[in-house]
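Asker: Copying in the features that Swiss-Prot gives for the protein in this structure:
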- 1-50: transit peptide (TRANSIT)
- 63-83: transmembrane segment (TRANSMEM)
- 132-152: transmembrane segment (TRANSMEM)
- 186-206: transmembrane segment (TRANSMEM)
- 216-236: transmembrane segment (TRANSMEM)
- 255-275: transmembrane segment (TRANSMEM)
- 294-314: transmembrane segment (TRANSMEM)
- 397-417: transmembrane segment (TRANSMEM)
- 418-438: transmembrane segment (TRANSMEM)
- 450-470: transmembrane segment (TRANSMEM)
- 481-501: transmembrane segment (TRANSMEM)
- 509-529: transmembrane segment (TRANSMEM)
- 541-561: transmembrane segment (TRANSMEM)
Amino acid sequence: MEVQSSSNNGGHSSFSSLRVYLNSLSATPSRLSRRAISVSTSSDEMSRVRAVSGEQMRRTLRWYDLIGLGIGGMVGAGVFVTTGRASRLDAGPSIVVSYAIAGLCALLSAFCYTEFAVHLPVAGGAFSYIRITFGEFPAFFTGANLVMDYVMSNAAVSRSFTAYLGTAFGISTSKWRFVVSGLPKGFNEIDPVAVLVVLVITVIICCSTRESSKVNMIMTAFHIAFIFFVIVMGFIKGDSKNLSSPANPEHPSGFFPFGAAGVFNGAAMVYLSYIGYDAVSTMAEEVENPVKDIPVGVSGSVAIVTVLYCLMAVSMSMLLPYDLIDPEAPFSAAFRGSNGWEWVTKVVGIGASFGILTSLLVAMLGQARYMCVIGRSRVVPFWFAKIHPKTSTPVNASTFLGIFTAALALFTDLNVLLNLVSIGTLFVFYMVANALIFRRYVPVGPTKPWPTLCFLTLFSITSLVFTLIWKLVPEGKPKAFMLGASAVVAIAIVLSFQCVVPQARKPELWGVPFMPWTPCVSIFLNIFLLGSLDAPSYVRFGFFSGLIVLVYLFYGVHASSDAEANGSFGVKDGQVMKELIEV
């Protein structure tokens, strides 16, 4: 039985009193059956759901703004570390091929985001895409995990800014931080610089999206200039012999010292350097011409970043033999050990500092817009959905998440934070690719979704089997046979689906090519990368996933049910997925 009471505005509320709320909890099963897999429609997301925010975001961004935001979001300080680590441990000089492969895969995954963003130009990004496809709870589960990943990552990035700033000025990090006795290790180093950076960026993104884009453009231009400078210095000082000859003759030699396995292991490691383009899709509501600007902005930024990464990889591989590369600070260490070139180390620190600021700005823009649209769905308080009438930005969401990020950055050690990021982002990429296939092959209305759902499940299982074989089975002929067999099965599954199940709809404006192969590659890649993450990542994912489920059970499902009863959601729309499953 649904238990509701009137709120002050004449609507229904499950939270008007403790008694009403406790009675509402008894209706949780029936509300779950109605709301958990209820889908919204594109027209509702563009009209009634957007209206929850009151004011509208201004459409002021063009394709070049999106390219700048995409580059700024992807090219952070991490590339200065990831390149050396992947080259030293996995790929050797062939790290440039690893970056090219990872860039191609990132582009395929970005295509999935682009089709949704063109069709549904709202600020919700992946949350909105999954909500119109799989329903409310899957959208909240993935979106909330992504927001937590954003917050953790931004806190980690802001603390690393202190370290790179110290490198640029030749000052030890300990001079910028102070230790508080009595606090547990990992939480006792206070970093006021990180807090200041987060709060300043929070103020910037609250003031104006257009001005934020201009600030990002300026900092990104400086960052790219520093990167090109380091690349040129690497080519000048480097030696092409290092592309094939290790320092130790006993180590594997050649351009591919670790073979194909090393190239793909390297690609898996450096793929995380491309994370950031998804934040561009959250800006869709503020783009002047989404049909034209979003495909150019997203694809263009990924392509440019791929070229930059490949040039950096070649430059670094020429600087030193791969077995002498410092996996923690490859460029800085290479120049620091050369007479007369130590000053380049400070240039690297300055460039990395700009990269941190741009990636932090873009990520904080993205996390606020995710939170804003989650608030529009009412599964979190719709206070987060409010748009400021003067700035046309989600000030409430930006301020709340900015303060939360600053609090984490103040106390929490970088290594603690880094163990908590990445899995949510990869999981969202995986869900968006699945959602795109489902949306293309399952029409809205009474129909049978099971062939598509079975295909997605079988392909995911096969991809997981391939990943486990790659990670766990020792090298040898049995491993090669098992990998080949699982690959053949995966290809056969896709071919069978393509032949048996016709596309139910084709996009009118912009669509992903080579369906369903393109999103399938994205699904496989994200499962493969999820399999490469360490145990603490899954502990974090399980912990926060449990919290998210509890929030939905004790708040979200009741708040969205109230919104439906008050007319914020269409009853017909809320029944679409339920009707699909009942067929």
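For all residues, glycine too, the Cβ spot is worked out from N, Cα and C.
So where do these features actually land, and what's packed around them?
Answerer: A Cβ distance under 8 Å defines the sequence-distant neighbours of the transmembrane segment (132-152), meaning residues of its chain 6+ beyond its ends; these are 32, 35-42, 45, 120, 124, 126, 363-364, 366-367, 370-371, 374, 377, 379, 401, 404-405, 408, 417, 420-425, 427-428, 431, 435, 438-439, 541, 544-545, 548-549, 551-552, 556-557, 560, 577.
Under 8 Å from some Cβ of the transmembrane segment (255-275) lie the Cβ atoms of residues 74, 78-79, 82-83, 85-87, 89-95, 97-99, 101-103, 105-106, 243-244, 246, 302, 305-306, 309, 322, 422, 425, 475, 525, 528-529, 532, all in the same chain and six or more residues away from its ends.
Distant neighbours of the transmembrane segment (450-470): 434, 437-438, 441-442, 479, 482-483, 486-487, 489-490, 493-494, 497, 500-501, 520, 523-524, 527-528, 530-531; these residues of the same chain sit at least 6 beyond its ends, with a Cβ under 8 Å from one of its Cβ atoms.
Beyond the ends of the transmembrane segment (481-501), by six or more residues, the same chain brings 441, 451-452, 455, 458-459, 462-463, 465-466, 469-470, 473, 516-517, 520, 524 to within a C-beta distance below 8 angstroms of the stretch.
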Asker: Counting only residues 6 or more past its boundaries, what in the same chain has a CB within less than 8 Å of a CB in the transmembrane segment (541-561)?
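Answerer: Same-chain residues near the transmembrane segment (541-561) but 6 or more away: 2, 14-15, 21, 24-25, 27-28, 31-32, 34-36, 136-137, 140-141, 144-145, 148, 377-381, 423-424, 427, 569.
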